[in-house]
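Novice: According to TrEMBL:
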type	residues	note
BINDING	SER9, SER14, TYR15, SER16, MET94, TYR95, ASN96, PHE97	FMN binding site
DOMAIN	1-194	domain 'Flavodoxin-like fold'
Amino acid sequence: MHILHIISSPRANSYSARLGRQIVEKLLAAHPGSSVHERDLSHHPLPHLEEVFVQGIFTPAEARTPSQQAAVQHSDEVIDEVLAADVLVIGSPMYNFSISSSLKAWLDHVVRAGVTFKYGPNGPQGLLTGKKVYLALASGGVYSGGSPMAAYDFMAPYLKPVLGFIGLTDVEVVRVEGTSIPDLEPMALSKAVDSVAV
Ligand SMILES: Cc1cc2nc3c(=O)[nH]c(=O)nc-3n(C[C@H](O)[C@H](O)[C@H](O)COP(=O)(O)O)c2cc1C
(Lines of atoms letter the chains of each structure in order from A and count residues from 1; the text may use other names and numbers.)
(Lines give C-alpha, C1' and ligand atoms only; values in the text may rest on other atoms or scores of the structure.)
Protein backbone atom coordinates (compact mmCIF):
# COMPACT_ATOMS: atom_id res chain seq x y z
CA MET A 1 0.00 0.00 0.00
CA HIS A 2 1.26 3.50 -0.80
CA ILE A 3 0.30 6.38 1.50
CA LEU A 4 0.41 10.07 0.56
CA HIS A 5 0.57 12.42 3.58
CA ILE A 6 -0.24 16.05 2.85
CA ILE A 7 0.80 18.64 5.46
CA SER A 8 -0.53 22.18 5.20
CA SER A 9 0.24 23.77 8.56
CA PRO A 10 3.34 25.98 8.82
CA ARG A 11 3.75 25.23 12.54
CA ALA A 12 6.52 22.93 13.78
CA ASN A 13 4.26 21.61 16.54
CA SER A 14 1.18 21.41 14.33
CA TYR A 15 -1.71 19.33 15.61
CA SER A 16 -2.96 18.50 12.11
CA ALA A 17 0.52 17.32 11.06
CA ARG A 18 0.93 15.28 14.25
CA LEU A 19 -2.54 13.77 13.85
CA GLY A 20 -1.73 12.96 10.22
CA ARG A 21 1.52 11.27 11.23
CA GLN A 22 -0.28 9.22 13.88
CA ILE A 23 -2.83 8.07 11.30
CA VAL A 24 0.07 7.14 9.00
CA GLU A 25 1.64 5.16 11.88
CA LYS A 26 -1.62 3.27 12.40
CA LEU A 27 -1.82 2.50 8.68
CA LEU A 28 1.79 1.27 8.65
CA ALA A 29 1.10 -0.98 11.64
CA ALA A 30 -1.99 -2.41 9.94
CA HIS A 31 -0.27 -2.79 6.56
CA PRO A 32 3.39 -3.63 7.13
CA GLY A 33 5.66 -2.89 4.20
CA SER A 34 3.60 0.09 3.04
CA SER A 35 5.42 3.16 1.73
CA VAL A 36 4.82 6.81 2.62
CA HIS A 37 5.38 9.99 0.66
CA GLU A 38 5.08 13.26 2.60
CA ARG A 39 4.29 16.53 0.80
CA ASP A 40 4.69 19.63 2.94
CA LEU A 41 2.67 22.35 1.23
CA SER A 42 3.56 25.00 3.76
CA HIS A 43 7.33 24.75 3.49
CA HIS A 44 7.24 23.95 -0.25
CA PRO A 45 4.18 25.91 -1.43
CA LEU A 46 2.67 25.51 -4.85
CA PRO A 47 2.20 28.76 -6.79
CA HIS A 48 -1.17 30.47 -6.96
CA LEU A 49 -2.78 29.90 -10.32
CA GLU A 50 -1.68 32.39 -12.97
CA GLU A 51 -2.86 33.05 -16.51
CA VAL A 52 -0.01 31.00 -17.98
CA PHE A 53 -1.23 27.95 -16.03
CA VAL A 54 -4.85 28.38 -17.13
CA GLN A 55 -3.73 28.78 -20.76
CA GLY A 56 -1.46 25.77 -20.35
CA ILE A 57 -4.09 23.33 -19.10
CA PHE A 58 -6.37 24.20 -22.02
CA THR A 59 -3.56 23.73 -24.58
CA PRO A 60 -2.64 20.23 -25.79
CA ALA A 61 0.58 19.09 -24.08
CA GLU A 62 2.55 18.98 -27.35
CA ALA A 63 1.56 22.58 -28.23
CA ARG A 64 2.39 24.21 -24.88
CA THR A 65 4.98 26.98 -24.72
CA PRO A 66 7.94 26.33 -22.36
CA SER A 67 6.42 28.66 -19.74
CA GLN A 68 3.01 26.98 -20.01
CA GLN A 69 4.71 23.60 -19.73
CA ALA A 70 6.60 24.74 -16.61
CA ALA A 71 3.38 26.04 -15.02
CA VAL A 72 1.44 22.84 -15.75
CA GLN A 73 4.34 20.71 -14.49
CA HIS A 74 3.44 21.51 -10.85
CA SER A 75 -0.06 20.20 -11.44
CA ASP A 76 1.16 17.06 -13.24
CA GLU A 77 3.50 16.34 -10.33
CA VAL A 78 0.89 16.58 -7.56
CA ILE A 79 -1.69 14.65 -9.60
CA ASP A 80 0.87 11.88 -10.19
CA GLU A 81 1.41 11.70 -6.42
CA VAL A 82 -2.33 11.25 -5.85
CA LEU A 83 -2.59 8.68 -8.65
CA ALA A 84 0.24 6.66 -7.07
CA ALA A 85 -1.43 6.60 -3.64
CA ASP A 86 -3.88 4.04 -2.30
CA VAL A 87 -4.53 6.14 0.82
CA LEU A 88 -4.32 9.91 1.33
CA VAL A 89 -3.92 11.52 4.74
CA ILE A 90 -4.64 15.24 4.38
CA GLY A 91 -3.77 17.53 7.29
CA SER A 92 -5.46 20.90 7.50
CA PRO A 93 -5.39 23.64 10.14
CA MET A 94 -8.54 25.74 10.35
CA TYR A 95 -7.78 29.30 9.30
CA ASN A 96 -10.63 31.77 9.44
CA PHE A 97 -13.15 28.94 9.41
CA SER A 98 -11.71 27.33 6.30
CA ILE A 99 -8.57 25.61 4.95
CA SER A 100 -5.12 27.15 4.61
CA SER A 101 -4.24 28.86 1.34
CA SER A 102 -1.46 26.31 0.76
CA LEU A 103 -4.00 23.47 0.77
CA LYS A 104 -6.31 25.49 -1.48
CA ALA A 105 -3.43 25.94 -3.95
CA TRP A 106 -2.87 22.15 -3.90
CA LEU A 107 -6.56 21.56 -4.69
CA ASP A 108 -6.38 24.13 -7.49
CA HIS A 109 -3.56 22.09 -9.04
CA VAL A 110 -5.21 18.70 -8.47
CA VAL A 111 -8.79 19.41 -9.60
CA ARG A 112 -8.21 19.50 -13.36
CA ALA A 113 -10.74 19.01 -16.15
CA GLY A 114 -9.97 16.05 -18.38
CA VAL A 115 -7.36 14.73 -15.94
CA THR A 116 -8.93 14.23 -12.51
CA PHE A 117 -12.55 14.79 -13.55
CA LYS A 118 -14.45 14.90 -16.81
CA TYR A 119 -17.92 15.75 -18.02
CA GLY A 120 -19.82 12.74 -19.38
CA PRO A 121 -23.42 12.07 -20.41
CA ASN A 122 -24.41 11.93 -16.73
CA GLY A 123 -22.60 15.12 -15.74
CA PRO A 124 -19.25 15.45 -13.96
CA GLN A 125 -17.34 12.25 -13.23
CA GLY A 126 -14.43 12.00 -10.79
CA LEU A 127 -11.46 10.02 -12.09
CA LEU A 128 -9.47 9.43 -8.88
CA THR A 129 -11.51 6.47 -7.71
CA GLY A 130 -10.71 3.56 -5.40
CA LYS A 131 -8.71 5.50 -2.82
CA LYS A 132 -9.29 6.10 0.88
CA VAL A 133 -8.88 9.57 2.39
CA TYR A 134 -8.37 10.56 6.03
CA LEU A 135 -8.82 14.25 6.79
CA ALA A 136 -6.74 15.29 9.82
CA LEU A 137 -8.39 18.58 10.76
CA ALA A 138 -7.18 20.86 13.58
CA SER A 139 -9.11 23.79 15.00
CA GLY A 140 -8.77 26.10 17.97
CA GLY A 141 -12.50 25.85 18.64
CA VAL A 142 -15.02 23.01 18.59
CA TYR A 143 -17.31 22.51 15.59
CA SER A 144 -18.60 18.93 15.92
CA GLY A 145 -20.92 17.16 18.36
CA GLY A 146 -23.82 19.59 18.00
CA SER A 147 -21.66 22.66 18.61
CA PRO A 148 -23.38 26.00 17.86
CA MET A 149 -20.19 26.82 15.92
CA ALA A 150 -20.94 24.07 13.34
CA ALA A 151 -22.34 26.63 10.90
CA TYR A 152 -18.90 28.31 10.82
CA ASP A 153 -17.10 25.14 9.73
CA PHE A 154 -16.13 25.58 6.07
CA MET A 155 -13.31 23.07 6.30
CA ALA A 156 -14.95 19.60 6.24
CA PRO A 157 -18.06 20.85 4.37
CA TYR A 158 -15.72 22.17 1.65
CA LEU A 159 -13.13 19.39 1.52
CA LYS A 160 -15.57 16.48 1.33
CA PRO A 161 -17.50 17.67 -1.75
CA VAL A 162 -14.45 18.95 -3.65
CA LEU A 163 -12.60 15.66 -3.06
CA GLY A 164 -15.74 13.74 -4.00
CA PHE A 165 -15.94 15.72 -7.24
CA ILE A 166 -12.62 14.19 -8.37
CA GLY A 167 -13.64 10.68 -7.28
CA LEU A 168 -12.26 10.67 -3.72
CA THR A 169 -15.55 9.70 -2.11
CA ASP A 170 -14.33 7.44 0.70
CA VAL A 171 -13.44 10.20 3.17
CA GLU A 172 -13.08 9.84 6.95
CA VAL A 173 -13.02 13.08 8.92
CA VAL A 174 -10.83 13.09 12.06
CA ARG A 175 -10.81 16.24 14.16
CA VAL A 176 -8.40 17.52 16.76
CA GLU A 177 -10.58 20.23 18.23
CA GLY A 178 -10.27 22.85 20.92
CA THR A 179 -6.51 23.37 20.55
CA SER A 180 -7.03 26.97 21.76
CA ILE A 181 -9.22 25.97 24.70
CA PRO A 182 -7.11 25.29 27.82
CA ASP A 183 -9.55 22.70 29.25
CA LEU A 184 -9.66 20.71 26.00
CA GLU A 185 -6.15 21.12 24.57
CA PRO A 186 -4.30 18.55 26.74
CA MET A 187 -6.43 15.60 25.56
CA ALA A 188 -7.40 16.91 22.12
CA LEU A 189 -4.76 15.07 20.10
CA SER A 190 -4.98 11.70 21.87
CA LYS A 191 -8.79 11.81 21.70
CA ALA A 192 -8.58 12.35 17.93
CA VAL A 193 -5.99 9.60 17.44
CA ASP A 194 -8.06 7.13 19.49
CA SER A 195 -11.09 7.81 17.29
CA VAL A 196 -9.31 6.54 14.15
CA ALA A 197 -9.87 2.94 13.12
CA VAL A 198 -7.79 1.87 10.10
C1 LIG B 1 -4.39 32.77 11.21
C2 LIG B 1 -5.16 31.82 12.08
C3 LIG B 1 -6.52 31.72 11.92
C4 LIG B 1 -7.25 30.84 12.71
N5 LIG B 1 -8.59 30.75 12.54
C6 LIG B 1 -9.31 29.90 13.31
C7 LIG B 1 -10.72 29.77 13.15
O8 LIG B 1 -11.33 30.39 12.31
N9 LIG B 1 -11.36 28.91 13.95
C10 LIG B 1 -10.74 28.15 14.90
O11 LIG B 1 -11.39 27.37 15.59
N12 LIG B 1 -9.40 28.24 15.08
C13 LIG B 1 -8.68 29.10 14.30
N14 LIG B 1 -7.32 29.21 14.49
C15 LIG B 1 -6.65 28.28 15.43
C16 LIG B 1 -6.11 27.06 14.69
O17 LIG B 1 -7.11 26.42 13.95
C18 LIG B 1 -5.48 26.09 15.68
O19 LIG B 1 -4.36 26.71 16.27
C20 LIG B 1 -5.08 24.79 15.01
O21 LIG B 1 -4.50 23.96 15.99
C22 LIG B 1 -4.09 25.04 13.87
O23 LIG B 1 -3.69 23.82 13.28
P24 LIG B 1 -2.20 23.29 13.45
O25 LIG B 1 -2.01 23.00 14.91
O26 LIG B 1 -2.15 22.07 12.61
O27 LIG B 1 -1.27 24.36 12.96
C28 LIG B 1 -6.58 30.06 13.69
C29 LIG B 1 -5.20 30.17 13.84
C30 LIG B 1 -4.50 31.03 13.05
C31 LIG B 1 -3.00 31.13 13.22
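Placement of Cβ uses the backbone N, Cα and C atoms for every residue, glycine included.
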Novice: Under DSSP, is TYR95 (FMN binding site) part of a helix or a strand, or is it coil?
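Specialist: Looking at the DSSP assignment, TYR95 (FMN binding site) belongs to a strand.
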Novice: With every protein chain in view, how many other Cβ atoms are within 10 Å of the Cβ of SER16 (FMN binding site)?
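Specialist: Other Cβ atoms within 10 Å of SER16 (FMN binding site): 30.
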Novice: What is the pLDDT of the domain 'Flavodoxin-like fold' (1-194) when averaged and given as a whole number?
Specialist: 97
Novice: Pairwise over SER9, SER14, TYR15, SER16, MET94, TYR95, ASN96, PHE97, annotated as binding FMN, what's the top Cα to Cα distance to the nearest Å?
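Specialist: Farthest-apart Cα atoms in SER9, SER14, TYR15, SER16, MET94, TYR95, ASN96, PHE97 are separated by 17 Å.
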Novice: Cβ neighbours within 10 Å, counted over all protein chains: which one of the binding-site residues TYR15, PHE97 has the most?
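Specialist: Counting Cβ neighbours within 10 Å, the top one is TYR15.
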Novice: Where's the emptiest Cβ shell within 10 Å among the binding-site residues SER9, SER14, ASN96?
Specialist: ASN96
